[in-house]
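**Student:** Can you read through this structure? Questions will come right after.
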Amino acid sequence: MGCQASRRILLLLATIVVATSQPPPTAAQTASCADHTFSGGRLYAACSPLEELDASVHWTYHASNGTADVAFRVPGGSAGWAAWAINPSAVGMLGANTVFAYHDPATGVVAVATAVVDSYTPAFADGDLAFAVHRRGAEYTDGVYAIHATVALPGNSTRQNIVWQAGTSSPDGLPESHQVFGDNVMSSRSWDFRSAEAAVVVDDVPAAPRYSVYRALLRPKNVRTYDSLDHHILDFFTWENLAGLCVQIHGVLNAVSWGVLLPLGVMLARYMRVFPSLDPAWFYLHVACQCSGYVIGAAGWVFGLTLGSPAKGALQHHGHRNIGTALFVLSSLQVSALLIRPKKTVKVRFYWNLYHWSVGYTVVVLGVVNVFKGIGILQPDQKYKHAYLGAVLVLAVVAFVLELVTLTVRFKKGRR
Ligand SMILES: *[C@@H]1O[C@H](CO)[C@@H](O)[C@H](O)[C@H]1NC(C)=O
Ligand SMILES: *[C@@H]1O[C@H](CO)[C@@H](O)[C@H](O)[C@H]1NC(C)=O
């Protein structure tokens, strides 16, 4: 603890020093990108490593006609995609004039496409950008995408907002959502394509140290701050933190409710009611379990919606989201059906039961499936995955044993 605190303070100090002096990348850092040889004999006058996503940018600026040859190298999986963009209108994803590289599923070849990202769920179609693109191409070697293009710098300005990104899946050739926290929301810079030796943009905005301090506190490993101040502090705050926090809250609430409480409530009803002495205790326990599961699950669902919609950089996980919404609708039906439950003696009660059970079991199955889907999307620490798997296994084993026990009880009753 104390060690951590002193590390923080050191980092803080280091950050203030770095932020106020803004040194260019060291020769060694530049060398790590300068060593790279591009295919086709392409050469670039300058390069700079980018800390986020282990990317690097290479460029040659032609002052005579306001164009720049730009290449990005971004590591990524062969099932995924990578991209870089110039955003002429804002910082971040919306408005990014993007050059994408992805594996064409038909041919397996790396293809390149250009598109303007105009929403958080963009429709990707290879099209024109706000500025001229004279040449473009992409290749994939040793797990690294290299995407190059010659562009007319918007407004004939050497100073541009650049963004880069990588995602893990492009199932039908189209990029699918990338993570919405960590490097994936930090990967943007204000860039000066004119400076040939270093990509540092030193600005006179006095907020520099403040921003950097925040950044160091929130993400201690990332001390170096070569980026300029076009980053929005607020932007950063909202997304790095809010998204991360929402992801965690969403995960916990939903795993507890849909993933544990609702199946547990069903088990209580199914197995306790076999024993007459537990009537009506089972009913109250069942209602308590399902109602609290419903309330917690609804809260988790709402958190989930905030992750999928305006989240910076978040495209959507449609399957997971749709199942989530179906769960909410079905369980709302269940809760309201409780209010119109016919008396046990009435004949329609049979149909009500049929309805109640089928919707109930559907919710349980979909709930557990969706929690696993969510775990697959979030890729949390293994221990969370194992904890949930453990909980489900325990429930399953208990259900299996109780199933046998209650079967025996029912059988004996039948014989009497
Ligand atoms: C821009 O100028 C450079 C030389 O300065 C030249 O190599 C390049 O072809 C020009 N690009 C366009 C699109 O005219
Ligand atoms: C871009 O600006 C440079 C000077 O910075 C000028 O020499 C050049 O002609 C301009 N190019 C265009 C296409 O406007």
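Here the Cβ of each residue, glycine as well, is placed from N, Cα and C on the backbone.
So TrEMBL lists the following for this protein:
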BINDING   His250, His286, His320, His356  heme b binding site
DOMAIN    53-167  domain 'DOMON'
DOMAIN    213-409  domain 'Cytochrome b561'
SIGNAL    1-21  signal peptide
TRANSMEM  251-269  transmembrane segment
TRANSMEM  281-303  transmembrane segment
TRANSMEM  323-340  transmembrane segment
TRANSMEM  352-375  transmembrane segment
TRANSMEM  387-409  transmembrane segment
**Student:** Take the domain 'DOMON' (53-167) and average the pLDDT across it for me.
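**Tutor:** For the domain 'DOMON' (53-167), the model's average pLDDT rounds to 86.
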**Student:** In the same chain, which residue numbers or ranges, 6 or more beyond the ends of the transmembrane segment (251-269), come under 8 angstroms Cβ to Cβ?
**Tutor:** 282-283, 285-286, 289-290, 292-297, 299-301, 303-304, 324, 327, 331, 360-361, 363-364, 366-368, 370-371, 374-375, 378, 380, 384, 388, 391-392, 395, 398-399, 402
**Student:** Among 281-303, 352-375, 387-409, point out the range having the most Cβ pairs under 8 angstroms from the transmembrane segment (323-340).
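**Tutor:** Ranking 281-303, 352-375, 387-409 by Cβ pairs under 8 Å to the transmembrane segment (323-340) puts 352-375 first.
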**Student:** Looking at Cβ-Cβ distances, which residues of the chain lie under 8 angstroms from His356 (heme b binding site) while being 6 or more apart from it?
**Tutor:** Gln334, Ala337, Arg341
**Student:** Which bits of the chain, at least 6 residues beyond where the transmembrane segment (387-409) starts or stops, bring a Cβ under 8 A of a Cβ in it?
**Tutor:** 255, 259-260, 263-264, 267, 270-271, 274-275, 368, 371-372, 375
**Student:** What does DSSP give as the helix, strand and coil breakdown of the domain 'DOMON' (53-167)?
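**Tutor:** Secondary-structure breakdown of the domain 'DOMON' (53-167): 5 helix, 67 strand, 43 coil.
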**Student:** Which sequence positions outside the transmembrane segment (281-303), separated from its termini by at least 6 residues, show Cβ-Cβ distances below 8 Å to it?
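**Tutor:** Beyond its ends, the transmembrane segment (281-303) has Cβ neighbours at 246, 249-250, 252-254, 256-258, 261-262, 264-266, 268-269, 272-273, 324-325, 327-328, 331-332, 334-335, 338, 367.
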**Student:** Using a 10 Å radius around each Cβ and counting other Cβ atoms from all shown chains, which of the binding-site residues His250, His320 yields the largest count?
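**Tutor:** Neighbour-count leader: His250.
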